[in-house]
């Protein structure tokens with residue numbers, strides 16, 4: 001507990017982080033995004049009104065919250081402009097409260113072209129990216145040919161960087177992937193225009209965070225995707241292109257390890273996954289379809305149906321361990337209402353042996369067969385319940401079992417999409 005809290009996904013993403021971030025941003029100094037791009041879709045429902053954010057921190061709907069985008073985030077100019085415009089049209093003040101690190105890399109048109117052409121060429125072996133250029137933008141960052149926010153304000157340098165990048169990427173696009181080249185002049189002009197647009201928002205995010213900590217202000221670090229999609233610790237190669245784990249909050253903003261006081265891991269009461277990759281507890285039957293329908297399990301960014309399955313404690317314990325999770329938030333408990341029985345994977349059968357540890361590669365995960373523990377379901381309606389004692393006995397027993405099996409206390413339970421459909425058992429900021 002303390003003044004700086006990291007909120008991150010403890011599964012494969014889509015756990016409901018946006019709502020929880022919004023809930024915790026009352027009396028907040030700042031909310032900061034530290035990795036990913038506009039492939040994240042954070043859905044907020046406040047008083048019945050739905051808002052989907054892809055790039056801007058979820059705290060933007062709090063009038064007094066400062067919203068920061070750190071150096072670890074890759075920024076699509078078009079996506080940022082669109083999101084700012086939509087929020088401002090809805091009466092939300094954005095540009096005076098949004099601060100963006102000059103070290104944040106840009107997603108350029110050639111990154112999008114590469115992403116989409118590669119996925120198409122891969123066919124059945126595609127990773128299942130959103131096709132929005134996230135991965136190629138991170139590739140350029142590591143290869144030191146990326147274009148960052150800071151570069152937009154030095155036209156001669158920008159021109160040189162862009163020509164070098166296009167010489168490389170257009171060769172790959174035309175000669176290897178067989179698609180059209182990206183035009184230099186159009187890309188250059190658009191980049192310059194975005195430089196003018198973003199200039200008032202360009203700020204030293206790390207410096208702001210250090211100052212806020214000195215002032216004793218609350219800061220919330222908002223993760224995107226989930227721990228099991230981490231480029232290093234996830235089901236590689238079926239992962240995202242950034243560090244979605246707690247280390248990403250440090251490297252992606254410029255703060256030290258002592259700046260983090262509490263790590264809140266978000267997990268659904270069951271499990272979902274989008275795109276390719278191993279998913280040991282996946283349900284390819286009417287039970288899985290029922291969960292998908294009741295939980296509206298379709299991507300906020302892409303609309304793709306999510307794969308659904310039982311809670312996987314082996315995977316959850318891995319997320320708890322690699323992130324040093326202080327407390328869990330279990331979301332979508334109400335989706336399980338009316339189910340006669342529930343299953344929880346407590347171990348895997350892997351190459352003839354039982355193990356409680358997940359393999360470190362996708363092929364190993366594919367070979368795992370879940371070992372289940374069965375729990376009674378409940379017929380009562382839990383939707384919108386905000387008091388622990390009012391939950392059905394079976395629901396409370398299920399949550400306590402998850403807590404014990406994961407070896408981590410449950411701090412928050414969500415029983416519906418609205419901000420108010422939540423019970424806080426332990427305030428991370430208390």
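From the backbone N, Cα and C atoms, a Cβ is placed for every residue, glycine too.
Of the listed candidates (164, 235, 240, 245), Swiss-Prot assigns 240 to the same IMP site as 14, 15, 16, 17, 39, 40, 41, 42, 130, 144, 225, 304. Listed in sequence order, the recorded positions from 14, 225, 302, 303, 305, 306 having a Cα within 10 Å of the Cα of residue 43 (GTP binding site) are 14. Following the DSSP three-state reduction, the secondary structure of residue 306 (substrate binding site) is coil. Note on proximity: among 42, 303, 304, the recorded positions of the record, the Cα nearest residue 333 (GTP binding site) is that of 42. In this structure the C-alpha atoms belonging to residue 305 (substrate binding site) and residue 415 (GTP binding site) are separated by 21 Å.
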